[in-house]
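For reference, TrEMBL has these:
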- 68-186: domain 'Ferric oxidoreductase' (DOMAIN)
- 27-48: transmembrane segment (TRANSMEM)
- 68-89: transmembrane segment (TRANSMEM)
- 110-130: transmembrane segment (TRANSMEM)
- 142-164: transmembrane segment (TRANSMEM)
- 171-190: transmembrane segment (TRANSMEM)
Amino acid sequence: MYSTNKNAPLKLFGLPHGFVPTRAESLIIFLLWVYMILGSSIGFHHVSGNPIWSKTLTEIGRLVADRTGVLALFAYPTLILFASRNNILMFLTRWDYTRFNTFHRHMARIFLALVIAHGISQTFGTYGVRSNKYMTGLQAGYFTWGVIAAIVVGAIIGQSILVVRRNFYEAFMLVHIVLAIAVLICVHYHINSFGYQGFTWAIIGVWGLDRVIRLIRMFSFGIKEASVTLVAGETLKVTV
């Protein structure tokens, strides 16, 4: 169930993009994609004589937009949970952090795909690409926050490629956290007027709990003294 190429980075345009998941991880990731694709694409039909959506494209577009939006909201807390070092699923499954971090990266791609599908479907379903309502919609606060959130999610995934993490890890983590907070704020204001703000509070709870547990564990270990000795070249010996 495990790939022999797990430690070989996958290259894109000659640059290391990320590590190849194991076969077990690939199966789980594949099933996640299948679930999200099926959940976003089945069970829709046009109701003839619908007084709100008279055209098939607009009605199906709106239904797909609603479905993908809700799926994205359910995927969002999972995305944050997978990134947590104090993930309760780690204790339940006995899987290590590296595996959940792999799931985190692929869940982020699924989340972005759902967000893009949500935006495109909403455009066709509510406004229409040639409708004056589209320009009016751009002036609505929730619409603007949603567009910004989608752009920032794309930026997060773009700056998370392996070559950036390897060479500028500290900068990567700082930017990653700042952008993640920006997405959370944008999503909150995007969905707040529709009564879905409970999802953002759930995300804050997952994230906040992880940070609190980190602080508790750090202080429980106390302050330790260590000595560092230069052995040879760039080799250091740390004695705690």
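Think of each number as a place in line: the chain as shown, counted from 1.
Cβ atoms here come from the backbone N, Cα and C positions, even for glycine.
The residues of the domain 'Ferric oxidoreductase' (68-186), classed with DSSP into helix (H, G, I), strand (E, B) and coil, number 102 helix, 0 strand, 17 coil.
Sequence-distant contacts of the transmembrane segment (68-89) (same chain, at least 6 residues past either end, Cβ-Cβ under 8 Å): 36, 39-40, 95, 97, 100-101, 103-104, 107-108, 110-111, 114-115, 117-118, 121-122, 187, 191, 196, 199, 202-203, 206-207, 209-210, 213-214. Same-chain residues lying 6+ beyond the ends of the transmembrane segment (27-48) with a Cβ under 8 Å from its Cβ atoms: 21, 56, 59-60, 63-64, 67-68, 71, 75, 102-103, 106-107, 110, 113-114, 117.
Sequence-distant contacts of the transmembrane segment (110-130) (same chain, at least 6 residues past either end, Cβ-Cβ under 8 Å): 32-33, 36, 40, 53, 57-65, 68-69, 71-72, 75-76, 79, 137, 146-147, 149-150, 153-154, 157. Mean pLDDT, taken over the domain 'Ferric oxidoreductase' (68-186), works out to 88 on the 0 to 100 scale.
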